[in-house]
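Below: one structure, written as structure tokens.
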């Protein structure tokens with residue numbers, strides 16, 4: 001394989017990994033507050049359809065992205081109220097959100113299937129895009145990819161270096177103790193869940209505005225679920241999520257790569273690759289039981305009721 | 001003022017009333033939604049709920065859809081009781097359809113009396129295998145069952161699509177991604193004339209009764225219930241959690257596999273790419289709506305099958321996208337979870353605030 005092809009493959013891996021990066025960043029913040037939201041796929045689909053409709057009808061791509069984020073957040077608010085206010089089971093509520101979002105997005109988008117839009121144009125960043133190899137892989141993308149870079153850096157800083165990050169982790173590790181020292185646990189969790197929703201929304205918008213760019217029913221094809229695995233893979237660390245997203249991105253385009261190399265494997269078998277890779281990776285990561293226990297937020301998935309604290 | 005108060009005892013009335021209340025709220029929501037998109041709410045609800053039961057053909061179709069929903073939901077009820085978050089009924093169903101169809105094609109020129117039972121067993125075994133792998137990965141490597149079972153749903157789907165494009169494609173099928181039509185030796189007999197109701201519905205109702213028997217009348221079922229209610233207590237009592245996990249997962253996998261093979265050798269009659277309109281996912285809601293009780297699942301499956309039928313009719317008669325079905329399913333589960341809050345809490349009306 002010549003270097004030009006490798007550069008093209010890695011460029012595509014970054015592009016394919018970007019929606020995974022967005023949604024996994026949102027989910028990791030949510031999980032750090034102790035909440036497991038399995039509604040990612042539903043929120044992402046709603047972000048995809050609403051982002052597409054908004055951009056299609058206004059002609060303004062930025063407006064589409066904004067609408068997708070607001071939609072994702074609104075969806076996550078349903079989850080938040082049920083889980084935080086009514087103490088509903090997080091697994092069941094998340095599943096309901098995914099089923100609801102799958103149906104609602106297909107319902108809303110039914111009249112727009114097959115329409116296409118222009119999509120965000122690629123912007124080559126001056127100087128950086130001239131770096132040999134790396135420039136073409138990383139700095140020749142659309143604006144949302146750069147936004148995902150910035151978002152990763154900001155979240156890395158906020159989670160690891162600021163008081164906000166400390167508060168978030170305190171709530172996720174031990175909500176009772178956090179409550180005792182006066183941290184508003186439910187408020188922190190509301191914000192974390194809604195941030196996750198907004199990121200799922202933008203991730204969906206990336207699919208419908210940049211990646212395809214059009215709206216198709218169920219177009220996210222399980223990326224919301226893969227993102228949940230990605231968070232486990234990254235051991236809840238921001239930096240590793242970025243790396244993991246691009247690795248998963250690479251796995252999802254492997255079928256194109258292998259076909260390009262002249263392998264004659266059925267495209268349907270190769271389409272399984274990202275899902276098989278996800279299972280394999282999860283097995284490898286989780287096999288070390290002790291390590292995962294150490295890394296996962298300790299209250300993850302467990303309800304917290306401040307009324308029991310009196 | 002209205003305050004929320006924790007009940008001292010969980011309300012057994014609310015446990016039963018909550019699903020009914022959730023259904024009522026979903027219907028009200030549906031009515032509002034239909035008027036919002038300019039359709040007559042009464043007509044829409046009539047098409048969704050009444051029309052599916054209006055004539056004998058439709059009732060038959062309702063039972064056809066109820067079968068796979070119920071088979072999957074009974075298995076899931078036991079899984080969720082034992083805290084095994086199996087989201088993989090869809091994949092287990094597809095695996096059963098695939099394995100069973102391969103066997104049915106093997107028997108395509110046969111008239112052996114054993115062809116049908118062997119085909120059914122092949123479907124059941126395939127579903128079990130599809131449930132066994134994530135179970136093994138969880139128990140041996142501690143991997144997250146929710147995520148592995150979901151991934152296995154996608155893997156099963158692509159495996160099935162590959163099979164109908166490749167090894168199982170009908171050579172005389174003009175290149176369509178479908179298997180050959182199965183022959184009488186492997187087709188499930190229908191129960192009535194002029195109806196597609198087949199033996200699958202009998203399997204489904206039996207599975208509900210067997211599930212109920214296991215859960216309520218056996219020591220194994222007792223262990224599952226204790227495990228779900230209080231895991232530390234179950235461990236303290238020395239219950240073997242691995243054995244329970246294996247049992248509920250293989251039970252669920254075999255039922256979902258049976259559902260899958262029954263679809264292909266029942267109403268469909270061949271293997272096609274879209275064997276299931278999401279039965280395995282809807283079964284999660286059926287299981288919850290039925291209070292994770294196998295007999296409750298029978299009632300919930302009837303309701304869900306009506307909604308499926310109604311969705312088809314609403315698309316044909318009113319041009320409402322069929323996606324409305326999964327939207328309603330999601331809303332139904334939202335309302336159910338919200339109503340369940342009042343099992344352990346109640347509203348109290350009083351004029352004075354207490355400390």
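Glycine residues also receive a Cβ, built from the backbone N, Cα and C atoms like all the rest.
A TrEMBL annotation is a machine prediction, not a hand-curated record.
Listed in TrEMBL:
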TRANSMEM  A:6-30  transmembrane segment
TRANSMEM  A:42-59  transmembrane segment
TRANSMEM  A:65-84  transmembrane segment
TRANSMEM  A:91-117  transmembrane segment
TRANSMEM  A:137-159  transmembrane segment
TRANSMEM  A:190-209  transmembrane segment
TRANSMEM  A:245-266  transmembrane segment
TRANSMEM  A:272-290  transmembrane segment
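Long-range neighbours of the transmembrane segment (A:6-30) within the same chain, counting only residues 6 or more positions beyond its ends whose Cβ lies under 8 Å from a Cβ of the stretch, are 36-37, 40, 44, 133, 136-138, 140-141, 144-145, 148, 151-152, 155, 159, 168, 192-193, 195-200, 202-204, 206-207, 210-211, 220, 223-224, 226-228, 230-231, 234, 236, 238, 241-242, 244-250, 252-253, 256-257. Just going by CB pairs under 8 A, the stretch in A:42-59, A:65-84, A:137-159, A:190-209, A:272-290 that sits most against the transmembrane segment (A:91-117) is A:42-59. Of the recorded ranges A:42-59, A:65-84, A:137-159, A:272-290, the transmembrane segment (A:190-209) has the largest number of C-beta contacts under 8 angstroms with A:65-84.
For the transmembrane segment (A:65-84), the residues of the chain that approach it from at least six positions outside its boundaries are 35, 37, 39, 42-44, 46-48, 50-51, 53-55, 90, 93-94, 97, 100-101, 144, 186, 189-190, 193-202, 204-205, 209, 303, judged by C-beta separation under 8 angstroms.
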